[in-house]
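Undergrad: In case it helps, TrEMBL gives these features for our protein:
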- 1-21: region 'Disordered' (REGION)
- 314-483: domain 'Helicase ATP-binding' (DOMAIN)
- CYS546, CYS549, CYS586, CYS589: Zn(2+) 1 binding site (BINDING)
- CYS555, CYS558, CYS573, CYS576: Zn(2+) 2 binding site (BINDING)
- 581-748: domain 'Helicase C-terminal' (DOMAIN)
Amino acid sequence: MNEAGTGADASPRGSSPKDSSGARYVEVLLPMPLERNFTYALGDIPPGTLRPGTRVAVPFGKSKLYTGLVVGFGHRAPEAYEAKEVYRVLDEEPLVTELQLRHWQWIADYYMCTAGEVFRTAVPSVFLLQSETRVMLREGADPDEKDLDDTEFLILEALQHQPVLSVGEIGDIVDRKSVLPILHRMIGRDLLVLQEKLQQGYKPLRARFIRLHPDYEDQAALGELMDSMGRAPKQSELLLHLFQLRRGTDKPIRSKVLQEQSGTSRAVLKALIDKGVLEEYFLEEDRIVSPGGGAQHQPPELNALQEEALGAIRSGFESDRPVLLHGVTSSGKTEVYLRLILDMVAAGRQVLYLVPEIAITEQLVRRLQRVLGHRVAVFHSRHSMQERAELWYHVRAGEEKASVILGARSALFLPFADLGLIVVDEEHENTYKQFDPAPRYHARDAAIVLAGLSGARVVLGSATPSIESYHNARSGKYAYARLDRRFGDVLLPEMELVDLAEQFRKKKMQGHFSERLREEVEGALGQGGQVILFQNRRGFAPIVECASCGHAPQCRNCDVSLTFHRHRKELRCHYCGFHRLLENTCEACGNPTLDTKGFGTEQVEAELAELFPKARTARMDLDTTRGKHAYGRIIQAFEARETDILVGTQMLTKGLDFRNVALVGIMNADSLLNFPHFRAHERCFQLLTQVAGRAGRTRERGRVLIQTYNPNHQILQQVASGAYDAMYAEQVYEREQFGYPPALRIIRITFRHREYNRVGEGAAWFARSMRMHFGKDVLGPEFPPVARIRNQYHKNILLKIRPGSGLAQTKNSIKRIESSFNAISQFRSIRVIYNVDYI
Ligand SMILES: Nc1ncnc2c1ncn2[C@@H]1O[C@H](COP(=O)(O)OP(=O)(O)OP(=O)(O)O)[C@@H](O)[C@H]1O
Ligand SMILES: [Zn+2]
């Protein structure tokens with residue numbers, strides 16, 4: 001089964017007229033991987049009520065209902081099948097703009113998927129009710145019976161008996177024709193919600209905040225109060241600290257901070273609350289918006305370098321090109337974006353601020369809200385569907401509270417009314433590329449196309465630009481601005497490479513800590529500084545091996561060794577989540593001689609407890625950050641200096657701004673160097689430079705220690721000396737030699753099936769056909785390093801596309817090969833997956 005449906009009978013897409021007058025048919029896009037749109041009859045529906053982007057409920061397949069989008073109009077019935085009738089029109093105003101439809105079509109064409117797949121990804125699922133969608137009563141919903149019509153009443157009653165029902169089941173209970181629009185309306189009125197898979201470990205992060213009771217805001221009353229405090233010195237001390245904290249800010253004050261600052265106990269605070277002098281209240285941390293609405297604070301003055309960069313960006317905009325802002329870590333790129341954002345907001349246009357990972361942007365949210373107030377909204381995949389749906393409408397209406405949208409790659413799909421600027425922060429991050437499922441788009445590149453359609457500006461920012469973007473800047477395709485120095489002229493951290501082989505030989509290792517690293521950690525802590533330790537593997541040890549027979553426990557679904565997690569005494573697969581308890585004896589030979597190899601963050605943390613028993617440590621990796629607010633908690637504790645040493649994986653690298661980090665230690669750089677990928681060296685440079693960039697950002701120069709067995713490796717030398725341009729020159733040269741981007745474009749084609757032999761035969765057949773067209777530009781098929789994941793075998797073909805060889809034509813040829821492939825019965829069940837611009 002090919003992912004894109006049957007490619008054979010594809011009809012040209014997007015060719016039908018957009019004008020509805022006199023139309024009797026509509027062309028409907030369904031949120032599924034179908035190669036073409038379906039035509040439906042309008043029946044009694046007046047065509048004037050429809051526009052492209054309006055949702056309609058339509059039947060599809062055997063008596064199933066789907067939510068589709070009108071994309072065109074027609075006067076004649078389709079020839080191949082009898083058109084069914086549209087059941088209902090779901091929107092008065094189109095949910096999706098015509099500009100979005102054009103953008104989706106570009107994504108579908110470029111990334112070789114269907115517009116239906118883009119539709120499914122782009123629109124929050126709450127807008128896409130279909131027969132299988134499961135709905136339930138919203139907790140606490142208590143509608144007045146008067147406000148309900150008979151059908152609504154019936155639905156609510158049915159849901160009281162059976163808490164979860166599918167849309168199809170509800171359709172059977174009431175009149176099936178009308179159920180979708182009614183449900184959409186009831187969701188809009190907050191009576192129903194979709195059943196969502198609950199986030200694992202989800203708990204809203206609520207913190208206690210404290211304020212003066214409004215009665216005492218009055219000067220006279222306050223004076224009286226302070227006079228009466230004579231016999232309670234601790235209480236008056238605490239009040240004085242509260243006034244101090246309030247000075248110059250109107251941010252909410254956390255009870256905990258007040259207690260710490262005043263050095264008083266909870267009992268003192270409690271006494272004042274009981275007296276009615278103070279009030280305690282709760283807020284969810286990520287909902288804090290500066291009170292009073294509008295912008296509260298002026299942004300800081302830019303320094304001369306920042307002004308210069310700002311000027312360069314603005315003149316780049318004049319030339320209608322995207323601008324690459326290349327600024328070393330902590331050079332103040334964010335403040336420069338802020339100026340551009342303020343310009344745009346003042347002009348009444350919208351801004352999209354893309355970040356690689358939304359969960360770790362609380363710091364950034366706070367920085368933006370300080371200046372922009374309530375005009376910033378966060379689009380977060382962990383927000384409830386309701387919240388995402390609301391934001392959708394705000395963005396579409398161009399409301400003030402949706403002036404600036406901060407989000408990860410999917411925020412690109414919001415229905416902007418008037419988009420003026422897109423900021424792509426940390427543009428080099430590979431999380432901008434969606435890997436699975438289709439559309440496998442690159443958000444940076446799709447953002448540039450969206451900006452082109454919207455008449456918006458684009459600024460891409462990074463301390464370590466991707467080779468592609470820097471290449472585009474050098475060739476003049478992008479304009480370029482540079483920030484070479486850190487803000488406040490703080491020096492970039494001093495880097496030192498520590499030779500692990502030598503340390504072992506001289507017996508200077510303790511666990512995975514060299515003598516140098518131990519000294520530096522001690523030194524940093526001794527001076528009240530904080531430490532970040534980076535290890536790119538989670539868990540305790542990636543491999544468990546029997547010392548007697550050499551057996552290493554493997555995942556039963558994937559071709560990988562299981563990782564040992566000591567805390568849970570478990571072996572876990574990082575590909576499929578399979579886990580089991582670790583036995584004391586080897587499952588193969590029965591000897592109690594199991595040993596671990598390699599190490600992950602959990603082990604680093606355990607060693608720290610022995611080496612630095614007094615230090616307060618925390619760990620940030622996938623295992624410790626599953627809940628919605630887990631990142632936030634770890635980051636805030638580190639900011640508040642409640643943690644001395646933070647151990648983590650690459651999550652640590654993404655734009656965090658800590659003030660007090662004196663030392664960054666890279667536990668082992670070698671696994672990054674030896675990764676089998678044409679981008680390995682580029683990524684290693686980026687990752688290490690970014691982690692290193694967390695050190696010494698504000699006052700004193702920070703230090704970075706890199707432990708490695710390859711201290712003379714070119715890339716590590718380049719990291720240590722901050723030689724981005726040298727790294728770039730070398731990588732570009734190599735990629736030209738071996739034929740990789742940016743010299744060429746690549747498409748990776750993956751074949752996936754449960755049976756090893758079938759994948760092999762199918763991929764071989766496909767590769768042979770491709771070689772007839774493309775000759776030597778076809779590489780493979782090859783099994784990837786992990787050939788089986790979740791019981792599916794994978795095999796890859798890589799196609800290299802030379803400049804000027806017609807991308808569209810190439811894709812058509814591949815699609816034709818795929819049609820023939822699907823005509824061969826034993827191959828039909830093999831999934832074919834395209835990844836254009838595979839990174
Ligand atoms: N003009 C300014 N006035 C005052 N403080 C500034 C100014 N510019 C930057 N800073 C401060 O300098 C620090 C680094 O700035 P910022 O976080 O914007 O750097 P960055 O270039 O985005 O860094 P990175 O790429 O490492 O994320 C921040 O704490 C920021 O508040
Ligand atoms: Zn597995």
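Using N, Cα and C of the backbone, Cβ positions are placed for all residues, glycine too.
Relative to the rest of the structure, where do these features sit?
TA: If you take every residue in the domain 'Helicase ATP-binding' (314-483) and average the pLDDT, you get 93.
All protein chains considered, the CB of CYS586 (Zn(2+) 1 binding site) has 22 other CB atoms within 10 Å.
Classification of CYS555 (Zn(2+) 2 binding site) by DSSP places it in coil, neither helical nor stranded.
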Undergrad: List the Cα distance (Å, whole number) between CYS546 (Zn(2+) 1 binding site) and CYS555 (Zn(2+) 2 binding site).
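TA: So the Cα of CYS555 (Zn(2+) 2 binding site) lies 16 Å away from that of CYS546 (Zn(2+) 1 binding site).
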Undergrad: Within 10 Å of the Cβ of CYS589 (Zn(2+) 1 binding site), how many other Cβ atoms can be counted across all chains shown?
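TA: A count of 12.
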Undergrad: Out of CYS546, CYS549, CYS586, CYS589, which binding-site residues have CB atoms lying under 6 Å from ligand 2?
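TA: Not one meets the Cβ criterion.
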Undergrad: Note down the number of other Cβ atoms within 10 Å of the Cβ of CYS558 (Zn(2+) 2 binding site), including every protein chain shown.
TA: 21
Undergrad: Other Cβ atoms within 10 Å is the metric here; tell me which of the binding-site residues CYS549, CYS555, CYS573 scores highest.
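TA: Within the set of binding-site residues, the most crowded position is CYS555.
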Undergrad: Quick one: of the binding-site residues CYS549, CYS586, CYS589, which has its CA closest to the CA of CYS573 (Zn(2+) 2 binding site)?
TA: CYS586
Undergrad: Check each residue in the chain of CYS576 (Zn(2+) 2 binding site) that is at least six apart in sequence and keep those whose C-beta is under 8 Å from its C-beta; list them in sequence order.
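TA: Listed in sequence order, they are CYS555, ASN557, CYS558, ILE789, ARG790.
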